[in-house]
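Accompanying notes for the structure given below.
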């Protein structure tokens, strides 16, 4: 029986060798009775894989040449002096929405957090730690939430959720986009009401076309929801309270540097992947009594007005508890000590 199996195996390998000339095969190994023959990928496939990585290598060469020609001291300065980015950026993980490319920004400009559909959730300790570090350690001036039309995460929230063969990876994505579904089903915005009505009764709802008004509206509402959540987060409300009382976490950290407290403004933008244009959603938030800086991007005015009306009619604005200064200072001191302990362990 064993001899017969070996004959069949050798015959199969002979036919494979005829179909695939020797010069294309890197390795051909017979490894035993209970294992199959292993054929390592061909030279052609390996070359294609190497060519894919070559794109990154040549891109890095171009990046370094551009800096050498236009700002030769930048990287050394950032390495020596550290980073002091004026912006924190919360965006989508989509490969078409690279913030450095969209804003033509140099290294050291944007402190970044990206995830599927640019969401900020208070139970996401990853995003909250980025926000906390941006505010308390880096002293950013602006927090930017930017979504984009044609967002796959938002589109998936519109489409019917899978009912069968949901593996761990798909389940994780479906759980992550559930808050966007909640926006879709609760918003009074005209385009979203019409989208819900259109999809009512359908056995299966497909992802809409990128031009669909309801799809675009949900992209915008999702950005605004993240802006509201960030503005209501204790990281921001405590910072605003400290500003009102004459201090700030950034100011305390930089006391020896003689730098003034930093106002922080939160903005909601949307990016059009078809045109490359960034637009302002008109939902910026800042410290009490401080004027919102002029936004240089064109406004999606109609969407902003309708969104504000819809949001006001749906739910009351969350109450923001302003803590007394000694309480905030005590909490900040505890957090900073813990953070420094962690940093010392990492390095």
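Backbone N, Cα and C atoms are what each Cβ position is placed from, and that goes for glycine too.
Taking the Cβ of residue 148 (Zn(2+) binding site) as reference, residues of its chain lying under 8 Å away and at least six apart in sequence are, in sequence order, 91, 92, 94, 96, 97, 219, 270, 271, 272, 273. Annotated Zn(2+) binding site per TrEMBL: 92, 94, 148, 151, in sequence order.
What TrEMBL records for 1-19 is signal peptide.
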Extra residues within 8 Å (Cβ to Cβ centroid of 92, 94, 148, 151), Zn(2+): 91, 93, 96, 97, 117, 118, 147, 150, 152, 153, 154, 219, 271, 273
Number of Cβ atoms other than its own within 10 Å, given for residue 151 (Zn(2+) binding site): 29
Cβ atoms near residue 94 (Zn(2+) binding site) (within 10 Å, other residues, all chains): 19
Cβ packing number for residue 92 (Zn(2+) binding site), 10 Å threshold: 25
